[in-house]
């Protein structure tokens, strides 16, 4: 009488418990393929969520129209900055931290906290202060990806702007201290520090 073969699950378990060279090789290859696919998918997701179109999908009624009338969108040279240029850091660690915070913001939109212009405006100061604090903490790094105070020609600026830019280094100020509202409508600024005090 012939021996009965163990069922397929039992055979797989035995194969898995006593891995041969082929089994180990298969596991390594499948793990490598899985890792590559995960990395590609992860980067694809990062790129898709780093576009102006993605940002506008939630901000079509509030922040996006304001941006379209800003100096960062309409420029005499045609060189502009899109949403991720200002709101998403370039460095990987800082970018991941910002993406986690952005996920909370997307959640707030879809759960109805800021899904209308009225609700958005009610939370505008809170959201703006969070963004200003982030920019202050990183010395307005996203601004400095394009703007370099050391390369500014102060003679071509209005006198007050030239004075302020020259004082930045000595007073420990950064771009966002004076340039709040550069791309979006300002909230009610009662009690909010506006930036440099110009002393002539």
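Here, residue 1 is simply the first one shown, and the rest follow in order.
Cβ coordinates come from backbone N, Cα and C, glycine included.
As annotated by Swiss-Prot, heme 1 binding site applies to 55, 58, 60, 105. There are 20 other CB atoms within 10 A of the CB of residue 55 (heme 1 binding site), with all protein chains counted.
The heme 2 binding site annotation in Swiss-Prot covers 83, 86, 87, 184. In three-state terms derived from DSSP, residue 86 (heme 2 binding site) belongs to a helical segment.
Sequence annotations record features per position, and here Swiss-Prot assigns substrate binding site to 99. According to its DSSP assignment, residue 99 (substrate binding site) is helical. In this view, residue 99 (substrate binding site) is surrounded by 15 other Cβ atoms within 10 Å of its Cβ, with every protein chain counted.
Taken from Swiss-Prot, the feature heme 3 binding site applies to 143, 146, 147, supported by similarity to another entry. The Cβ of residue 143 (heme 3 binding site) has 86, 135, 174, 175, 176, 179 as same-chain neighbours under 8 Å, each 6 or more residues away in sequence.
Swiss-Prot lists 175, 178, 179 with the feature heme 4 binding site.
Per Swiss-Prot, the feature topological domain 'Cytoplasmic' maps to 1-21; the stated evidence is sequence analysis.
What Swiss-Prot records for 43-200 is topological domain 'Periplasmic'.
Summarising the annotation, Swiss-Prot assigns transmembrane segment to 22-42 and lists sequence analysis as the type of evidence.
Note on residue 178 (heme 4 binding site): other Cβ atoms within 10 Å of its Cβ, all shown chains, come to 17.
The binding-site residues 87, 179, 184 differ in how many other CB atoms lie within 10 Å of their CB, and the one with the most is 184.
A 10 Å cutoff on Cβ-Cβ distances gives residue 58 (heme 1 binding site) a total of 18 other Cβ atoms nearby, all chains included.
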